[in-house]
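Working notes, beginning with the structure itself.
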Amino acid sequence: MRAPLSTHDRCLVPDTYDIRLTITGNDGDKYPAKQHARRAAMKLGVSAGLVYLVGQPTINWGDSDQPRPFRQRRYFYYLSGVDEADCYLTYDIHSDLLTLYVPDFDLRHAIWMGPTLTIDEARHRYDVDRVCYFSSLQGHLESWIDKHNNSSPIYILHDTQKPHVPSRENVYLDGEHLLPAMDAARMVKDDYEIRMIRKANQISALAHRKVLENIHRMTNETEIEGLFLATCVSHGAKNQSYEIIAGSGKNAATLHYVKNNEPLHGRQLVCLDAGAEWDCYASDVTRTIPLGPDWASEYVRNIYCLVEKMQETCISQIRRGVTMKSLQDSAHFIAIQGLKDLGVLHDYDVLEIFHSGASAVFFPHGLGHHVGLEVHDVSVQPNAASAAAEGPRQTFFVPMATQSSPGLEPGMVVTIEPGVYFSELAIANARKQPLAKYINFDVAEKYIPIGGVRIEDDILVTHSGYENLTTAPKGEEMLEIIRRAIDN
């Protein structure tokens, strides 16, 4: 049966009849944009208003005709599932109407770059109620403003993303409440999002394993980065969640070392922090790898075993209601006792050392963070500030940690990434601090050639405890892979 399109549908296919027969996946295959929009509205705590989001525009490099690599704005993606440039989105909270605006057809662009997304394609691909061309956006906004007569606001993320309605004055805009509401919504992942993070971790694990199988042949950090990238791309993950960190020797003590261009000869280990992205969702994985069939010295083995203990203990403590602050404190207590046993720290009381901040010379960052659409995903900021204020601190490090909710909830994905580092800069600076009395600098300096050790996994909080989403080999399994590759 053919029926005229309603006014609502004319945005989909203007002035025609919808007489197609299509067989598509069910809505469960689509990114759950409508569910996310409703969740964000619930966090806003209002029953009316218009959410207005601007997608990432096409932008060229400065003084160039070449475009910057496209990366969709994450808040836009969360409410749309659209990974296309130059799109817009509105969500009418009262009428529960989610509308996507796609670029109008441009013949020149289509000839050079291929056609942009059509209304029909977008409607069937995305979980939205209505799809329109961008040329209709201003008129729709004007109609909405006139209808509501400033009784309800247009919610925006930033003042730089205001809607363009020059014909209307004194538009009621709210740029304060949408961002924290969407942050609160994004913290707990739904089943679809967890599948994406799991897939990103699976590809990351393949790439980490490939590096382990070939590390004995490599002579430069560049080769590690290249092989990891190639493996991810060959499995469909063209983007990385962040710049690859492949720091060997002393470079492993630089937390975000990304030059990845130095020779491996004469060095004992490499810290490989690298995670693939899948459909805009991140993974965050770190493995510390020996440059040989075993750890090069007892110094290296001892530090690896200490970090391994820190991670295993903290992961085992994850459950609903536990705070990242308590987990980070636990990691510091283990690090302090371990460094005391190795003679790096003098034999003072563990709590005294903790409160002095001396352990942060060797473990200067947070234990973990949320993972999702960003590798350092959104969280509730007040808790982050309070946790940073309460933890071990000193004057020359600002902890990353505790970008987390007050208590972990099922559906959250967080990293557990303890590390112990021997940074020449940090150790030299520590000599000038009151905390210097807790550190045995003669012993600490013997560990400087190691650089540092970090182990990182992505952990899903569940109703019964946790699930480790990261399957990249570590520990004895990692060593066995390296040995088998050498033997073959």
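From the backbone N, Cα and C atoms, a Cβ is placed for every residue, glycine too.
The secondary structure of D284 (Mn(2+) 2 binding site), as reduced to three states from DSSP, is coil rather than helix or strand. Proximity of D284 (Mn(2+) 2 binding site) to non-local residues of its own chain (separation of 6 or more, Cβ distance below 8 Å) is seen for S241, Y242, D273, G275, V371, V375, T415, E417, E456, D458, given in sequence order. Look at Swiss-Prot and you will find D273, D284, E456 tagged as Mn(2+) 2 binding site, backed by similarity to another entry.
Swiss-Prot lists D284, E417, E456 with the feature Mn(2+) 1 binding site. All protein chains shown were included, and the count of other CB atoms within 10 Å of the CB of E456 (Mn(2+) 2 binding site) stands at 24.
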Environment of D284, E417, E456, the listed Mn(2+) 1 site - residues of the same chain whose CB lies within 8 A of the CB centroid: D273, G275, V285, T286, G368, T415, I416, R454, I455, D457, D458
Env. residues of Mn(2+) 2 site, Cβ within 8 Å of mean position of D273, D284, E456 Cβ: A274, G275, V285, T286, T415, E417, R454
